[in-house]
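Per TrEMBL, these features apply:
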DOMAIN    1-166  domain 'NADH:quinone oxidoreductase/Mrp antiporter transmembrane'
DOMAIN    171-265  domain 'NADH dehydrogenase subunit 5 C-terminal'
TRANSMEM  20-38  transmembrane segment
TRANSMEM  50-70  transmembrane segment
TRANSMEM  82-99  transmembrane segment
TRANSMEM  111-139  transmembrane segment
TRANSMEM  159-181  transmembrane segment
TRANSMEM  202-222  transmembrane segment
TRANSMEM  228-252  transmembrane segment
Amino acid sequence: TLVTAGVYLLIRFNMLLIDMFFFKFLLLLSGLTMFMAGMSANYEFDLKKIIALSTLSQLGLMMSILSMGLPELAFFHLLTHAMFKALLFMCAGVIIHMMNDNQDIRFMGGISLYIPMTSLCLNISNLALCGIPFLAGFYSKDLILEMVSMSNLNMLIFFLYYFSTGLTMFYTIRLLMYLMINDYNLFSVYNLYDEDYIMLKSMFLLLFMSLVTGSFLMWMIFNYPYMIYLSINMKMMVIYVSLIGLIMGYLISNMSIYSLNKFLMTYNL
């Protein structure tokens, strides 16, 4: 609630702000926020910081689609994002607690063997964040990107939107590789006990919501469907970008697991 209060305030007051020069400025700033938060999440090794930076990236997405003059779409994305990101934070809290309060993802690995249900919730909420089709994040994110493709904005905004979507896929796959694919690293004190069954009740509720709520809210909120008329490549652009991000995240995480993190060599840029 704290994070998205400003976005909600601007959604409520959007009639006052529309057609101002401030909105064009806000579009640029929020696009850059998306881009920079997605880039920072790739270099981060703290579990909470990765999720917080991805939240920041999604907030940039909401603000930018708001400053393009589509407030109900921004609100739709706010609601669907709330579902899976709350689930993601709960899973991260369970994992950090079970790792004896250690937040570094390099110390984790093979978590899915020890806490399978929490890992299931984490993975599904992560994939909903990526915009995998027919999960909650897909409906709002895909609609937003298609409205961006429909609008007559310049190449910079278009690039920022799509590249930020690819980066979302990127750090999600990186997190998944670090947490799930690796063997258990034994760097930290071994404190993985059984599942937290008290938290799993609410986590399963959120899991169900992050599967269903995208289509449900799309049916509830919009009384008139958006008419989107694009060529096949423009319609498939979101899926292209997601696939490229998936492959890149896999390759770079594969490089960095057992050896020196070669992705950090791009710091030389």
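One-based numbering along the chain as shown.
Any Cβ shown, glycine's included, is placed from N, Cα and C.
Those TrEMBL annotations? Automatic predictions, nothing curated.
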CB contact flag for the transmembrane segment (228-252) and the transmembrane segment (159-181), at least three pairs under 8 A = yes
Long-range Cβ neighbours of the transmembrane segment (82-99) (under 8 Å; 6 or more residues past either end) | 4, 47-48, 51, 54-55, 58, 107-108, 111, 114-115, 118-119, 121-122, 124-126, 128-129, 135-137, 179, 188, 191-193, 196, 199, 202-203, 206-207, 209-210, 213
Apart from its near flanks, which chain residues at least 6 from the ends of the transmembrane segment (111-139) lie with a Cβ under 8 angstroms of it?
-> 54, 58, 76, 80-81, 83-85, 87-88, 90-92, 94-95, 98, 165, 168-169, 172, 175-176, 179-180, 184, 192, 194-196, 200, 203-204, 206-207, 209-215, 217-218, 238-239, 242, 245-246
What average pLDDT is reported by the model for the domain 'NADH dehydrogenase subunit 5 C-terminal' (171-265)?
-> 80
